[in-house]
């Protein structure tokens, strides 16, 4: 918990504040165009929510592991990434990907439905800032995850070499889980956008989760097997 709180307070939350301060339009998905427009309560909830959700996630995962439901604890973080990517890709009205790929500091124009920079966003001010933040965000998380997993396997009675091998596999499977969550979000978004009914978003999410469960998450599924072996679950 101490390591998590340090990571959140020293890296994650400061980065979120930086993005909100430098790109308030992009960080709020273009709901507001400047800091002066954003309600103070929203900023407070945004900053505290970043830390609170991480702590709640840690607490829930710990409760699941202590009750012997290790696999459910892993499903939780995959579900979190799915929700994260789905918000970016779909948003609340199907335009999330357009909002994400629009940087008013480059275009000089506020976002409107239908506007997107497409591949030009990759060289935008927002994108360059995200690239700069990637190293201090991802490296400590990957390195910390490896150390945490290795120490955990050693405490469970495994020798150092076996513990290190499983820790590497665990990190690789974590990255695989993130990628699967991204694919699920993309599929849910595509399905939702092809449905014209008001329930399109819900249908897209349900269909995606159902297919993902059948292919990957059920007992004996691809991801379930990988998680069980990679994290040495019994």
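Every residue gets a Cβ built from N, Cα and C, even glycine.
What Swiss-Prot records for 5-23 (among others) is transmembrane segment. Below 8 angstroms of C-beta separation, residues 35, 38, 43, 46-47, 50-51, 54-55, 103, 105, 125-126, 129, 133, 136-137, 140-141, 144 of the same chain, each at least six residues beyond the ends of the transmembrane segment (5-23), sit close to that stretch.
Residues or ranges marked as transmembrane segment by Swiss-Prot: 38-60 (among others). Counting same-chain residues at least six beyond the ends of the transmembrane segment (38-60), those with a Cβ under 8 angstroms from any Cβ of the stretch are 1, 4-5, 8-9, 12-13, 16-17, 20, 24, 28, 32, 73, 76-77, 80.
Tertiary proximity for the transmembrane segment (73-92) is limited to same-chain residues at least six positions away from its ends with a CB under 8 Å from its CB atoms, namely 29, 57, 60-61, 64-65, 99-100, 177-178, 180-182, 184-186, 188-189, 192-193, 201, 204-205, 217, 223, 227, 231. Annotated transmembrane segment per Swiss-Prot: 73-92 (among others), in sequence order, evidence recorded as sequence analysis.
Residues 3, 7, 11-12, 15, 18-19, 22-23, 103, 121, 163, 166-168, 170-171, 174, 231 of the same chain lie 6 or more positions beyond the ends of the transmembrane segment (127-149) yet place their CB under 8 Å from a CB of it. The annotation transmembrane segment is assigned in Swiss-Prot to 127-149 (among others) on the grounds of sequence analysis.
If you look up Swiss-Prot, you'll see 170-192 (among others) marked as transmembrane segment. Beyond its flanks by at least six residues, the transmembrane segment (170-192) meets 74, 77-79, 81-82, 84-86, 88-90, 94, 96-97, 142, 145-146, 149, 200-201, 203-205, 207-209, 211-212, 216, 223, 226-227, 230-231 of its own chain at Cβ-Cβ distances under 8 Å.
Same-chain neighbours of the transmembrane segment (197-217): 75, 86, 90, 94, 180, 184, 187-191, 223-224, counting only residues six or more beyond its ends whose CB sits under 8 Å from a CB of the stretch. According to Swiss-Prot, the feature transmembrane segment maps to 197-217 (among others), an assignment based on sequence analysis.
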